[in-house]
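J.: If you look up TrEMBL, you'll see A:1-25 marked as signal peptide. The domain 'FAE' feature in TrEMBL is assigned to A:25-312. According to TrEMBL, the feature active site maps to A:Cys168, A:His247, A:His338, A:His342, A:His371, A:Asn375. Per TrEMBL, the feature domain 'Beta-ketoacyl-[acyl-carrier-protein] synthase III C-terminal' maps to A:336-417.
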Amino acid sequence: MELLVFVCALSLVYFLFMIWKWVDAERDGVCYILDYQCHKPTDDRMLDTETCGEIIKRSKNLGLHEYKFLLKAIVSSGIGEQTYAPRIMLSGEQDKPTLLDGILEMDEVFEDSIGKLLCRSGITPMEIDVLVINVAMLSTVPSLAARIINRYKMRDDIKVFNLTAMGCSASVISIDIVRNLFKTYRNLFALVVTSESLGPNWYSGNQRSMILPNCLFRSGGCAILLTNKRAMKHRAMFKLKCLVRTHHGARDESYNCCMQKEDDQGNLGIYLGKTLPKAATRALVHNLREIAPKILPARELLRFMVMLIVQKMRRSSSNIKSTGGTKAAVNFKTCVDHFCIHTGGKAVIDGIGMSLNLSEYDLEPVRMTLHRFGNTSASSLWYVLGYMEAKKRLKRGDYVLMLSLGAGFKCNSCLWEVMKDLRDGNVWKDCIDGYPPESLANPFMEKYSWINQEHDASTFKFPDQ
Amino acid sequence: MPPSSPNFSSSVKLKYVKLGYQYLVNHILTLTLIPIMAAVLIEVLRMGPLEILNLWRSLNFDLVQILCCSFLIIFVATVYFKSKPRTIFLVDYACFKPPNTCRVPFATFMEHSRLILKDKPKSVEFQMRILERSGLGEETCLPPAIHYIPPTPTMEAARGEAELVIFSAMDSLLEKTGLKPKDIDILIVNCSLFSPTPSLSAMVINKYKLRSNIKSFNLSGMGCSAGLISVDLARDLLQVHPNSNAVIVSTEIITPNYYQGNERAMLLPNCLFRMGGAAILLSNRTSERRRAKYRLVHVVRTHKGADDKAFRCVFEEEDKEGNVGISLQKDLMAIAGEALKSNITTIGPLVLPASEQLLFLLTLIGRKIFNPKWKPYIPDFKQAFEHFCIHAGGRAVIDELQKNLQLSAEHVEASRMTLHRFGNTSSSSLWYELSYIESKARMRRGDRVWQIAFGSGFKCNSAVWKCNRTIKSPSDGPWADCIDRYPVYIPEVVKL
């Protein structure tokens, strides 16, 4: 009789424990991406070598030295012929941007990405419960978020957040807000819109450290629809597994390496310091160190710990400084199938590829995105994701790691699980067959290499064609 | 529309009837329970102690039943306690006190105005008329860069103002609460019109060397109600992260946004907006329970952006000459009233006592079924709150809200005096008003405070706080040196 009572009690405890785990999981909530739509500007905004040259010629403040510097920067940038620029750059008015230009630039992005997204997903604007916008360099009254609410006539009890100035890593921060809201409230639809405002932020001076953003940043944007309704599981594309944010603002050299300020002539621009690569690497390493225990399988963690101990023992026993031999490195490929890296520039991609030991196959989506769309700031991650999708690389059960770096200095990363085989091309539909191309070199070198032969800055003048 | 006031004697009788009705409805549960408890007590006394003992002995439990019951009770209790939303405490807050050197008395403002707009005397006169009727005093402050003639709004000057305001407020907060910078888990900075790269939140992280896994957010463009939006975000984050501290910095940086043209609708903000900022510490740690000043009860947000007129009524744009400024439309008050009504509809059922809600429901039913000519019943919010903090957006806003909510002069005193002493400091004005009420030693334990703010978009956000402990008049703070002079009488028009 005693045994029966005991067994009953035990099974009851187990049963209650299972219910408890289920309640806890329910409480934690899920975060699904239902759909996303990147922005593809119209073809009349394409920036090829010709147009690029025209814009540079038009700048009154640039001289021979700056041209040489720009040539070197653009040739090695990895950016191709089909990237998009804001209208104001093409019309020649880039030195006198108005607030209205900036707002209209954003309107185009919103119209295209949000319009297509809502149309395809069948969700009406009235069903959106959370709206998060991040556009780093444009801050208007009323906010861009309010502008979207007005355009699409959303509900009046919507939770809206307008983030600015958070740099190229802001889209992961927006996902962080949405994830936290999903844990507190049930059955929500969230719309995250990420973009960058380039028109009003053109630098019209000639400081080398501030001229680079002019060449590297391009127009782009993305709208992402998320939900935590478990019923939508069959329609979800991705599920969020993990998100880690690292902020190195406490270090002065990380904070000061990327700053918006005025140069000596009073022109406003973004200053990129020489300590930028080091600050970026440090932030990235710290972030990876934090996310590794959360995502790596136990086997890989164990292997890494064993190797570390062996290396320490070897070093202490032989008493030699470790000149040769490979350092114990974590192999992220054991848990991550695809890497979505922010297209900060060729140097950034090379650097990250080396530290994570990634092959050319892994880096192909990032390089191709940089080539086709340029550095679209916070939305670049989603273009890279679109490439992977268009190349049919994303299969159910795969894991995608998104890594982004931003001013401050921040490194944010998140891990997504692919919920079903993805086949849609998004913005890459019409050009995916041409990728990867034979060569990534842009014709800038052929066209303008004669500049390198010029030496006298005072008598230099562009030959009229 | 306010209800018509009957004559004196019948109004006294009406007052007692109303009081009796309120007491009856608000305590209905207790009043119904009393007869039931009395009946049980009589029955128990009638049965006598011996019979009760027999009753107890006749109950027959065995081990399994006891085990099941106790597990069930423990399980249900744990689930209940775990699923309750965490209590959010406002531990303390600090407001920025501008230095005297930044003061802009009327004479200085008008002199500047005449020099800058020297070929536009009509605009100067317009500004003078606004200033006369604004309700501002002589001690409001503008940042140093704006004191130059003409003003020099460079990015460096704007950063300087941001550092002055934010760091002063943060230093004051850290000193008051004894908080270590390494203990801050969440940082939210809201500043509508200035967002440099890296963000103001990165600037704070850099100055105070905050942790690298801090969750920081930089909200902007959300207007004068952004402070409450930050509180809402902090609350949602604190629900998910246990044992955390959240610091909110609310400010408005004026330097880059001083309008330098002469369009009238855009000159208005120049006359009203002034320098100010506040830093607030929120926490969900149970150890703060004793020390905290307030407990957050509700935050309600209403966004009227879907309506085109509401969207356009506060709009930043360029005038014909290319100067950027914020234009305020003439229908601002009407739209504010509409937004307030929406907000009240949501917050009313959450905070009003049952008596008011019943009256409202009855009049609503009556109007729909019996006679549409019955006047709509405006619930008496004085029943639900002891203190009101209305965003000091301008004299007209405070007047309008006082009329709509039927508040007395004492209720809106905090708002009017803040407008007089500090001007419209945008999102931080609510905190100056709260500080005023505390400085006047009016805040008692259990008092409920309603903070209402309007913002561009058009938004109306409100927050309800409950006072956790009786607060003694603080010895520091923005009102410390001048609270004895207040309240002052603010005339309709100050002759300049």
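Just so it is clear, glycine is given a Cβ too, placed from its N, Cα and C backbone atoms.
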J.: Rounded to an integer, what is the Cα-Cα distance in Å between A:His342 (active site) and A:His371 (active site)?
T.: 13
J.: For the active-site residues A:Cys168, A:His247, A:His338, A:His342, A:His371, return the ones with C-beta distance to chain B below 8 angstroms, or 'none'.
T.: A:His247
J.: Measure from the Cα of A:Asn375 (active site) to the Cα of every one of the active-site residues A:Cys168, A:His247, A:His338, then give the nearest.
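T.: Result: the closest of the active-site residues to A:Asn375 (active site) is A:Cys168.
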J.: For A:Asn375 (active site), which of the three DSSP-derived states applies: helix, strand, or coil?
T.: strand
J.: Check the active-site residues A:His247, A:His338, A:His371 for other C-beta atoms within 10 angstroms of each C-beta and report the one with the most.
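T.: That would be A:His247, with the most Cβ atoms nearby.
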J.: What are the sequence-distant neighbours of A:Cys168 (active site), meaning same chain, six or more residues apart, C-beta distance under 8 angstroms?
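T.: Expected: A:Ala136, A:His342, A:Gly344, A:Asn375, A:Ser377, A:Ala378, A:Ser380, A:Ser404, A:Leu405, A:Gly406, A:Ala407.
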J.: Can you tell me how many other Cβ atoms are located within 10 Å of the Cβ belonging to A:His342 (active site)?
T.: 32
J.: Distance check, please: Cα of A:His247 (active site) against Cα of A:His338 (active site), rounded to an integer number of angstrom.
T.: 24
J.: In whole Å, how far is A:His338 (active site) from A:His371 (active site) when you measure between their Cα atoms?
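T.: Counting only the Cα atoms, the answer is 19 Å.
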J.: Let's check the environment of A:Asn375 (active site): how many other CB atoms sit within 10 Å of its CB?
T.: 24
